[in-house]
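*Asks:* Among the features that Swiss-Prot reports, Mg(2+) binding site is placed at Asp84, Asp86, Asp88, with the record citing sequence analysis. Residues or ranges marked as Zn(2+) binding site by Swiss-Prot on the basis of sequence analysis: Cys85, Cys101, Cys108.
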Amino acid sequence: MNNSLESTKQLLDVVKFDSNGLVPAIVQDVESGKVLMMAWMNRESLAMTLEKKVACYWSRSRKELWLKGETSGNMQQVHDVLIDCDGDTLLLKVSQKGGACHVGYHSCFYRKATENGSLEICDTLMFNPEEVYGKKS
């Protein structure tokens, strides 16, 4: 992944951020192709991701930058950042350390709808979120 300042500025100029200054980012395992999660990025988090090659997102609920894995240790090393044809969605190809999902699964897409409409777990639990983040009160 090229991280020159000119390349970063070029990408930031092409991305179509929404009215809140955000763009959706789909995150995919670089080896398996498995979709791990979807998160939001703003200009600052995208620039930081390109610079450090570690995924950084924007938390809409906390209204702050969110370095993926900062609390849990489940970091995402970024190999590639792709942009879709409309310029309004990103795809990050990453090496995921541990689970990507905050509830402990490898992927945030850990539930599958069955024919009868129920949900079944279809992924691996990687960690206990209470041990990593503490109990919610």
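Cβ from N, Cα, C; glycine included.
Are these features on the surface or tucked inside, and what touches them?
*Replies:* Remark: Asp86 (Mg(2+) binding site) has Lys16 as non-local neighbours, by Cβ distance under 8 Å and separation of at least 6 in sequence.
Summarising the environment of Cys108 (Zn(2+) binding site), the number of other Cβ atoms within 10 Å of its Cβ, over all protein chains shown, is 18.
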